[in-house]
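Quick look at what Swiss-Prot annotates:
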- 229-238: compositional bias 'Basic and acidic residues' (COMPBIAS)
- 253-272: compositional bias 'Low complexity' (COMPBIAS)
- 43-111: domain 'KH type-2' (DOMAIN)
- 218-272: region 'Disordered' (REGION)
Amino acid sequence: MGQKINPNGFRLGITTDHVSHWFADSHKEGQRYADFLKEDVKIRELMTTGMERAGISKVEIERTRDRVRVDIHTARPGIVIGRRGAEADRIRGELEKLTGKQIQLNILEVKNPETDAQLVAQGVAEQLASRVAFRRAMKKAIQSAMRAGAQGIRIQCSGRLGGAEMSRSEFYREGRVPLHTLRANIDFGKFEAKTTFGRIGVKVWIYKGDLTAKELAAKEAAQPSGRGRGGERRGGGERRRRNDRAERAPRQENAGAGAETPAAAPAEGGNA
């Protein structure tokens, strides 16, 4: 299961979080769940088209009643901001035109791009599009990630590798990448390289270590859960059942004594 599923969705609520934060319960046109979802997809498509050189890792979206907050995580914030903020103003204007709401645009820098799975996948894809040998590109990215502090990394390329007529998949791995361990902090990213032979898919898994018991407890405490109340109800039920048994014991004895008395009467009548 852990080998096939997307690691981000598999660990959602444990080590990862949603990239869209909003709630939709309206049935009005333009305010339904499907409308917000389509809008999120268009916002992310707008961020990726024409911004390949910016190294955008992820786009987080948060909605309020009349405002949309967009957080852009990028390895090169200067390209996104532009000269004197011209590029940021252009992006904000396009987003306001798309959503029809006020946009709060935040541009955040990725501190360690060598251990960001999405940025590593984009870097390998750019090298493949520039006709760099795929094995060389993969091994170079692995070495950079391990030097930057990653505990394990796996890179997989799928497609017509090296211009071969039949497509295949190859992967290289270094260190540990425990895909089945839920507390493992695994970053996952994917990207497509457009080459003259067709598209080559690049997938990257980066293992950054396990969450400690204290960190897991803090995350569980932050999430609302009814387990504690349920446990108390079960405990109280057990106590009540024990008390009921203690109260029923003398009743069963009395019932037994009462049953012997009417049984003796027919016996006497029979002898008579």
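Yeah, the Cβs are placed from backbone N, Cα and C, and that goes for glycine too.
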On average, residues of the domain 'KH type-2' (43-111) score a pLDDT of 90
Quick check on the domain 'KH type-2' (43-111): DSSP residue counts for helix, strand, coil, in that order please. 31 helix, 24 strand, 14 coil
